[in-house]
Every structure is written in C-alpha cells, then in structure tokens.
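Notes follow the structure.
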C-alpha cells in the first residue's frame with residue numbers, strides 16, 4: 001500500500017468535487033445501432049426489482065455480504081463531499097494504517113444506472129489494482145445505509161499544486177509529468193479501460209515530497225471497452241473533452257486528446273480551447289484550431305508543438321496512440337525537451353487557471369444551502385413539472401419547459417441556466433438545478449449575496465481576506481491552495497482583499513467559462529506583483 005499509513009490532507013478529489021453532475025452518468029456503450037450495458041438483462045431486472053422494493057434502505061448494491069466497515073476501521077474527519085456521499089479519513093484498527101474511505105449513500109442511488117455505475121467503478125478499480133500510478137482499492141463494504149470503498153490515502157495533495165509551487169519550471173519537467181500521465185492512459189487502455197474524465201485535479205501524490213508518486217483517481221466515469229467499440233454518451237469536463245465525444249461517436253482515443261490538453265496547459269498555463277460559455281468552449285473544440293503564435297505560447301520548442309498537434313489531431317484514427325506518444329522524441333528518456341525555464345508568465349497563468357471561479361462556485365454552494373423552503377418551493381414545482389418520468393433528473397429537452405414559466409425567467413436566463421447546468425451529461429438533478437438557478441434568480445438576490453459574503457466576512461469588517469478564505473476552506477474541508485489567486489481574480493482595486501461591491505460584481509458576472517480577457521487582466525496584476533510559484 002506504499003504510503004497509505006501516513007497522515008495527509010487533500011481536497012474533494014476522491015469525491016469528484018469538480019464533476020458537479022457527471023457522477024450520475026456513465027457506462028452505456030453502443031456497437032453499431034445496438035445499445036448494450038455492462039450487465040445482463042436478468043441483472044438489470046433484479047436491480048429494477050430491488051429499486052421497487054426499496055433499495056435505498058435494505059437492498060444490496062454489491063450483491064454479496066460484507067463485514068461491517070466500522071468493526072475494521074475507525075472513520076475520522078471528512079476529506080471531501082460529492083453528489084452521492086462523502087469521503088473520510090479512516091484508520092484500520094488492526095494495523096493503525098490510514099486510508100481514504102469513500103462512502104456512497106444508498107439513498108442517493110435513485111435508478112438502476114446509478115447502482116451499475118457504483119458496481120462498475122469498483123470493478124474497474126479492482127481490475128487496475130496494483131498497477132503503477134493508479135490508486136489502489138483495498139476493499140469494499142456495504143451496510144443498510146451505504147457502500148464504502150476503502151482505498152489508499154494520497155496524502156501529498158494534487159500534482160498540479162506541487163508543480164505550481166516550484167520556483168523553476170521547464171519543458172523537461174513537463175515532459176516527465178506528461179510521460180507519467182500518458183503511461184497511466186497506456187495502462188488503462190492495455191487493460192481494456194477508458195478513463196473518460198482525465199483532468200489535472202484527478203492526479204494526486206502519495207507523498208508530497210515525491211513528485212513521481214503520482215496516482216490517478218476517480219474512475220466514476222470509466223468504462224470497459226473492446227477494440228472497435230463506439231461510445232455515444234457525452235461525458236467529461238468541458239476544457240478537456242475531445243471533439244468526437246461531442247459528436248457522440250468515440251473510443252479510447254479521446255483519452256489521448258485529454259492528455260494533449262493537459263500538456264498544453266502545462267506548457268502555457270491556459271487551455272487550448274476556451275470561451276466565456278461552455279457552448280462557446282465546445283464550438284472551439286469542434287473547430288480544432290490551436291494557437292501556437294500568441295503570447296500565450298512563449299518560447300516553446302518545435303518538438304513540443306509537434307507532439308501537441310499529434311495528440312490534438314481532430315481525427316481519432318490519425319491521433320497518436322499512448323505508446324506512440326511515449327516514443328515521441330520530446331517525451332522519451334533523454335529526449336529533446338529542454339531544461340531551460342519556461343516563460344515566467346506560465347506559472348501565474350497556470351495558477352490562475354486552477355483557481356478560476358473557485359470563490360464563485362463556493363459562494364453559490366453556500367447560497368444554495370441557505371435557501372429556505374419558501375424560497376425554493378417555486379423552483380421545486382418547476383422541477384417536478386419537468387421531471388415527467390419521475391426519475392429525479394431532467395433532460396435538456398425537459399429543461400426547455402422552463403419557458404412556460406416566462407413570468408419568472410427570461411429567455412436569456414433560461415439559456416444561461418442551461419449552460420450553467422451543462423457539464424456535457426445532458427441531464428440535471430434537483431440539487432444541481434437549484435445550484436445553477438441560484439445565480440440566475442432575481443428574487444431577493446441581494447439577500448443571498450449578502451448571506452454568502454457574510455459567511456466569509458465573519459468579523460464584519462466588510463472585506464474578504466486570505467485568512468478568512470483559509471478558515472472557510474478549513475470549515476468545508478477544501479484545499480486552501482492559491483488563496484491569493486482567488487483574491488486576485490476578484491480584487492479590482494488591487495488592495496489585496498475583496499469588498500462587497502467586488503464580490504457582487506463577481507457573482508453577477510456571466511462567467512461560467514474562463515474568458516481570455518479575465519485571465520489577461522488577472523495575469524497582468526499577477527506579473528506586477530511577481531508571486532512565487534492544484
């Protein structure tokens with residue numbers, strides 16, 4: 001188990017913190033025109049029967065009896081929280097070794113596909129267990145309330161956090177890191193697994209002092225695949241999604257595209273495809289043009305550009321395979337990647353990209369949690385009216401039914417709501433609907449904004465400071481990295497803190513994506529302040 005016996009803290013990574021909706025969806029694949037699942041018809045029938053009989057309280061998810069997890073482990077503090085449950089630090093009673101325990105509440109498994117997703121995630125983790133640079137599952141347990149997945153504890157935090165704390169950053173270091181990431185992809189693909197949600201925050205370190213102790217986590221969207229199999233479900237994170245995924249016809253080549261995006265971010269600090277809205281990002285991805293000329297691409301070698309072009313080839317059949325990437329001259333051992341420091345603007349950009357909108361997202365969560373039943377009863381009725389199949393989720397076709405409530409929402413607000421909710425899954429559940437609607441609902445907006453601001457400004461000074469953000473992150477078990485960047489992104493008068501007017505401007509701005517102007521202005525401030533380098 002390597003370093004699993006050591007103490008450590010990390011954010012919500014184990015619990016899919018950045019997959020606001022994706023946890024619920026995965027794992028349908030299509031061969032030709034025939035849709036299949038990972039489970040037999042009889043298995044699906046038994047699951048459906050279990051749901052009808054009250055799965056949430058009594059029925060088994062794993063399909064076999066397990067010991068009581070609390071007889072073997074002591075569950076400690078919360079490490080993260082996600083849609084289906086929470087992740088805790090746990091200590092094995094017999095050895096004293098520490099692990100991470102992902103607890104998935106059965107009450108949150110509302111349909112057959114939810115149960116299948118949990119089973120498949122566990123199957124894939126067992127299938128890949130013991131492979132280098134992939135988080136190791138120790139065991140699974142089930143009781144009447146929850147399923148518990150015990151895995152090794154990645155105590156070193158996020159890989160990208162470590163990168164951004166370095167004072168010197170070079171192409172050679174980027175090549176070493178992307179070699180690890182593509183090596184993980186090669187391992188997955190050779191074992192018949194497609195990850196489908198690779199992104200920087202899904203790579204953690206076992207040991208903060210060892211940059212090569214990288215572990216890939218979060219297989220909640222991963223699937224088994226066969227050669228030639230075609231997948232049609234749109235999943236993933238907007239900046240990293242491959243064009244063929246958006247076109248609903250893809251295979252494992254999509255993971256290579258994602259790695260190419262990560263490499264671009266490593267070298268420049270910004271993603272290759274971005275816009276002010278998610279739909280705008282998707283348009284850029286489908287267009288496929290890569291910027292190698294602007295000042296966002298300073299002093300990068302031709303060999304690195306060549307590799308990125310081949311990893312971000314818009315045609316999957318012509319895109320490099322994982323083993324071909326590892327043989328590229330820029331990335332292989334003793335390759336041509338230079339050890340010369342990258343342009344000094346890269347690390348501030350990388351930090352800014354990692355921290356973008358984190359304060360806004362946290363603030364929206366705080367507002368949503370504090371809404372009274374009276375404030376959300378109208379939205380609840382809207383959701384129920386759209387949820388015609390009583391599945392506790394609605395599709396985007398159903399979401400368009402909001403137009404019948406035009407007295408509350410304008411057409412432009414409905415479009416914004418759809419973009420805010422859309423993480424490429426094409427569905428949204430109740431909690432997600434509320435959190436997305438919070439930023440658009442004009443009713444008593446001032447009251448909600450003041451409540452969120454006050455959550456941070458507990459001493460009533462009228463300002464949000466780095467220290468206050470740190471305390472808020474501790475309260476919510478979030479990583480407190482790059483707090484200065486969170487301030488910097490919102491601080492308009494450069495006084496190092498956020499006043500209420502600046503906070504309101506941030507919250508009311510329609511910046512679901514990361515626009516270049518936002519980064520450019522923030523970057524200029526960052527360079528003036530010359531900070532030392534998630």
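These residue numbers are counts, starting from 1, taken along the chain as shown.
Note that Cβ sites are derived from N, Cα and C of the backbone, with glycine treated the same way.
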Task: According to Swiss-Prot, which candidate in 447, 468 joins 457, 459, 461 at the Ca(2+) 3 site - done: 468
- [ ] With Swiss-Prot as the source, identify the stretch among 306-336, 337-367, 368-398 annotated region 'Autoinhibitory domain'.
- [x] 337-367
Task: Lowest local Cβ density (other Cβ within 10 Å) among binding-site residues: 457, 459 - done: 459
TODO: Using all protein chains in view, find how many other C-beta atoms are within 10 Å of the C-beta of residue 81 (ATP binding site).
DONE: 17
Open item on the list: Tell me the Cα distance separating residue 457 (Ca(2+) 3 binding site) from residue 85 (ATP binding site), rounded to the nearest angstrom.
Closed with: 29
Task: Distant-in-sequence Cβ neighbours of residue 468 (Ca(2+) 3 binding site), under 8 Å, six or more positions away - done: 456, 457, 458, 459
Task: Cβ neighbour count within 10 Å of residue 85 (ATP binding site) - done: 23
